[in-house]
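K.L.:
Handing you this structure, nothing more for now.
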Amino acid sequence: MTYKITALPGDGIGPEILKGSIEILETLSKKFQFEYDLVTKDFGGIAIDKHGEPLPPDTLEACRNSDAILLGAVGGPKWTNPKNRPEHGLLGIRKALNLFANIRPTIVTESTAHLSPLKESIVKDTDFIIVRELTGGLYFGEPKYFNDDQAVDTLTYTTDEITRIAHIAFKLASKRNKVVTSVDKENVLSSSKLWRQTLEQVSKEYPDVTLNHLLVDACSMHLITNPKQFDVIVTENLFGDILSDEASVIPGSLGLSPSASFGENGPSLYEPIHGSAPDIAGQNKANPSGMLLSLAMCIRESLHQPECAQHLEDIVFNTIKNGIATKDLGGNNSTSEVFEAIKQSI
Ligand SMILES: NC(=O)C1=CN([C@@H]2O[C@H](COP(=O)(O)OP(=O)(O)OC[C@H]3O[C@@H](n4cnc5c(N)ncnc54)[C@H](O)[C@@H]3O)[C@@H](O)[C@H]2O)C=CC1
Ligand SMILES: CC(C)CC(=O)C(=O)O
Ligand SMILES: [Mg+2]
């Protein structure tokens, strides 16, 4: 079977971290003997420059016809038109492909515990997954507008949307430590009341999984003071976006965190959780680990090569353990030196 992959480098550090990752994929495919066809398409700010829109029809069509999509990052100071931003392309592709389930793991391995700005005793052995609802909530609610004296965003969730993401979280927890922590703002928001009520309802189908609830403000504190208590966290779009960037400091850097987004069927999308990092773009400084670990998720879930995925994850962490790391992790290596070290280890 030849898998179809669409690569969307995007903007800023996106092309820097994706190009090297594609070379790693090529090397891995030879070692583990699997085949794929990869096409690269314009997406984000570069697509606005070349085609006038962040998600051109040709790009979306290629994504629809793929098994997997590898995405770098989009956005930057060049593209600030509120009616036509690179980020609209990101929201657009998630919605168009119904990628409602965003999986964001946080793992502190032996090789990364000392890199955390938190105490090693607090972070060591942390292993949790944030399941972020990705196609609803504030990012998509209508009405949505701003004018000179008023701005409106709407936070809407339906029972169906909450139910399907809740099932993803419970199924994941069933195969792990059997604890789901649902995060909401039930003391204030109507959408959170429905969220909590629906989570309770779905939990009845998973009697071996414990369901806890946390308010999002308290959760942000618990994440940093006792991250080991968590197994699977499930939350709505905006809370998941914020909490996952916070969670990335537990292993040491935003540049380490991967993600995978799934729909009910169709292609899945793999991207690091960080943005286009305009402050370091074009300087060969970006940490490629989040992109490479997203590639590993792609290799496992969409290309069905679990041994290859494990091999790549081991190499990424061993490279860091061997002291080859970018500046965000306290190292002094460039992006290309990290890629080269990883390639040599394959
Ligand atoms: N999935 C995506 O494409 C996302 C895009 N964005 C967009 O990215 C642009 C920049 O947003 P920011 O708020 O600056 O967030 P950001 O995530 O791009 O950067 C935040 C900080 O983390 C650092 N950083 C991020 N990734 C890194 C890596 N791989 N290695 C080393 N350091 C890294 C950056 O240098 C910066 O100091 C904006 O246009 C934003 O909308 C933001 C988040 C996600
Ligand atoms: C740029 C936003 C639309 C998304 C974001 O920050 C994310 O998905 O992590
Ligand atoms: Mg984010």
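Each residue's number is its place along the chain shown, starting with 1.
Backbone N, Cα and C define each Cβ position, glycine as well.
Checked TrEMBL, it gives:
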- R94, R104, R132, D217: substrate binding site (BINDING)
- D217, D241, D245: Mg(2+) binding site (BINDING)
- G275, S276, A277, P278, D279, I280, A281, G282, Q283, N284, K285, A286, N287: NAD(+) binding site (BINDING)
- 4-342: domain 'Isopropylmalate dehydrogenase-like' (DOMAIN)
- Y139: site 'Important for catalysis' (SITE)
- K185: site 'Important for catalysis' (SITE)
K.L.:
For the binding-site residues A277, A281, work out the Cβ neighbour count at 10 Å and name the residue with the minimum.
P.N.:
A281
K.L.:
Starting from the Cα of D217 (substrate binding site), work out which of the recorded positions (Y139, D279, A281, Q283, K285, N287) are within 10 Å.
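P.N.:
Within 10 Å Cα-Cα: none.
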K.L.:
If you run the three-state DSSP split on R94 (substrate binding site), which class comes out?
P.N.:
helix
K.L.:
Would you identify which of the recorded positions R104, R132, K185, K285 has the most other C-beta atoms lying within 10 angstroms of its C-beta?
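P.N.:
Within the set of recorded positions, the most crowded position is R132.
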K.L.:
Quick check on the binding-site residues: of D241, D279, whose CB has the lowest count of neighbouring CB atoms inside 10 Å?
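P.N.:
Counting other Cβ atoms within 10 Å of each of the binding-site residues D241, D279 gives the minimum at D279.
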K.L.:
Round to a whole number and give the Cα-to-Cα distance in Å for the pair N287 (NAD(+) binding site) and R104 (substrate binding site).
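P.N.:
Computed Cα spacing between N287 (NAD(+) binding site) and R104 (substrate binding site) is 17 Å.
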K.L.:
Cβ under 6 Å from ligand 2: which of the binding-site residues D241, D245, A277, D279 qualify?
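P.N.:
Only D241 meet the Cβ criterion.
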K.L.:
Quick check on the binding-site residues Q283, N287: which one has the highest count of other Cβ atoms within 10 Å of its Cβ?
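P.N.:
Of the binding-site residues Q283, N287, the most buried by Cβ count within 10 Å is N287.
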